Each structure stands twice: as structure tokens, then as C-alpha cells.
Amino acid sequence: MTNKITERITGHTELIGLIATPIRHSLSPTMHNEAFAKLGLDYVYLAFEVGDKELKDVVQGFRAMNLRGWNVSMPNKTNIHKYLDKLSPAAELVGAVNTVVNDDGVLTGHITDGTGYMRALKEAGHDIIGKKMTICGAGGAATAICIQAALDGVKEISIFNRKDDFYANAEKTVEKINTKTNCKAQLFDMEDHEQLRKEIAESVIFTNATGVGMKPFEGETLLPSADMLRPELIVSDVVYKPTKTRLLEIAEEQGCQTLNGLGMMLWQGAKAFEIWTHKEMPVDYIKEILF
């Protein structure tokens, strides 16, 4: 890190955390601690292995210890709202939280995944406004992406998910998009491969917003056939470790433009950083370190 952490931690240092499982792969501690050090801010960011069973107790503990805030990742994004005091309008609409801020004992949940995804596309030179996208996934990140894309002006969104516990959540997402935005959303079963082929063929971007591709699912992909992809298609993955998932490898082989999850991670983190500190993250500096 820029400064030895022991040289800058004092009795006044405020703690910010990350709760998820698995957690050891995360680049968020590096990103935020480097940003704190660069700006001379008296915070430290630590990762905590937390799943469903521990979530309630951990939030109560964080509240009691007066943490400034924390990030939330899988599998906690759609459950943590029960233990918070308030939700931002975006988090309420999405039904998920990835950032919590503690303002004088009041815990407010925010969602920055969707804005991070759209900003990453913009920074990479991709414009999907007024166009159609196909996305796999129905968890917190996928929902945030779909809602933000719809709000930003994407014309159509086709969502694919297995008929698991998240399918009902995807049905709610489709209803929200169709009733509260000008975007048309549809939901399909992930096992309907012919429908997936059709929707990808009509889309400018295909996105994996599931954990498939990261540990313990490295080397796997939800894409049933490589010939569903075409050279002019943008293929993105929210997974950033590994930086090139099996999906992105296949996409490159098919001549597609590809985008991994690093950009989304950076820009959602920059927004969370601003929520906690009221300062702008030194994004160019962080890019040099992470990319």
C-alpha cells in the first residue's frame, strides 16, 4: 500500500467494512485503503466473511461499534434491508443494498452497482441507450443493473434466470421496469436455449450478472453454445476475478467486444466512497493500481 497501514491508524481511525462470502478474492480493501491513504483520510477498510446466518448479528455489532459504513456483496444484498433504518430511493426500487452508511446512528442502505455498470460501459466507449440488452441473473447486482439501465434509457431488457429462489425476484423486477420506466422488460427460463439465442441475436450487449465464472465456478459459463455470439456483440461479465472468465474467453474467440467486472467494481466503489467520505475517489490513481 501507499503508506504502511500501521503508520496511519490511530485511536481516531474510523472503520469501514465489506461483508460477503466468499470474500478473499475482493479487491475492495485494496481500492479503498489506497484511496484513503492517497487523500489522507483517517479510515481503514476491512473484509469480513459473513453469510445469511451471521448477517443480523453482524449488522447489530457494526451498529453498536459505530462503524462509518460498509459494503455488502453476495449473498447478503437482498436480505440486509431488514436490519437497516432507511433505504435510498434507488435501493428501495431495486430491492437490494450494496452500501450502508451510518449517519449519527441511522443506517441507510444504498445501491451503487447499477450506476457502476453503466459508467463502466460509458468509460469503455459503449452506448446501449435506446437499444436492447440480454442479461443472465436475478440477484442484487443483476437487479440493480436492469433497473439502472431502464432508468438511463435502455429500450428493451431480456432477463434469463434459472427457476430458483431468485426467479420470483426477477418477476418483480420486470414488473417494476414495465410499470415505472419506458423500458420493456421480459423474463425467460435460463434453460430455454432457443429463446436465449433469439434474444442475444436481437441485443447489442449480453451480460453475465451471476457468480458463474468466479470461485467455486471458475471455468464454467451459462452460455450453452459459442455460436450464440457474433463479432459486433458486446459481452460483459460482472465477475472480475478471474479478469477473463470462460464466457469472456469464448466471446473473444467469437470476435466480440468484451468487458470484465473491474470497471463496474471501480465505479460502484467510487460512488460508495463518496457516500461515506463526501470526497471523490482518486479514480485515475486507483486505476493504475488495480488495472
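Just so you know, glycine gets a Cβ as well, placed from its N, Cα and C.
Swiss-Prot lists Ser26, Leu27, Ser28, Ser73, Asn98, Asp113, Tyr240 with the feature shikimate binding site. According to Swiss-Prot, the active site, proton acceptor annotation covers Lys77. According to Swiss-Prot, the feature NADP(+) binding site maps to Gly137, Ala138, Gly139, Gly140, Ala141, Val238, Gly261.
Gly137 (NADP(+) binding site) is 16 Å away from Tyr240 (shikimate binding site) when you measure Cα to Cα.
Between the binding-site residues Leu27, Ala138, Ala141, the minimum number of other C-beta atoms within 10 Å of a residue's C-beta occurs at Leu27. Recorded residues Lys77 (active site, proton acceptor) and Gly139 (NADP(+) binding site) have their alpha carbons 8 Å apart, per Cα-Cα distance. Following the DSSP three-state reduction, the secondary structure of Ser28 (shikimate binding site) is helix. Looking only at the binding-site residues Ala138, Ala141, Val238, the one with its C-alpha closest to Leu27 (shikimate binding site) is Val238. The shikimate site, placed at the center of the C-beta atoms of Ser26, Leu27, Ser28, Ser73, Asn98, Asp113, Tyr240, has further neighbours from the same chain whose C-beta lies within 8 angstroms: Leu18, Ala20, Asn71, Met265, Gln268, Gly269.
Annotation note: Gly139 (NADP(+) binding site) sits in a coil segment as assigned by DSSP. Spatially close to Gly261 (NADP(+) binding site) yet at least six residues away along the chain are Ser236, Asp237, Val238, Val239, Tyr240, judged by Cβ distances under 8 angstroms. In terms of Cα distance, the binding-site residues that sit within 10 Å of Asn98 (shikimate binding site) are Ala141, chosen from Gly137, Ala138, Gly139, Ala141. Most Cβ neighbours within 10 Å among the binding-site residues Ser28, Ser73, Val238: this distinction goes to Val238.
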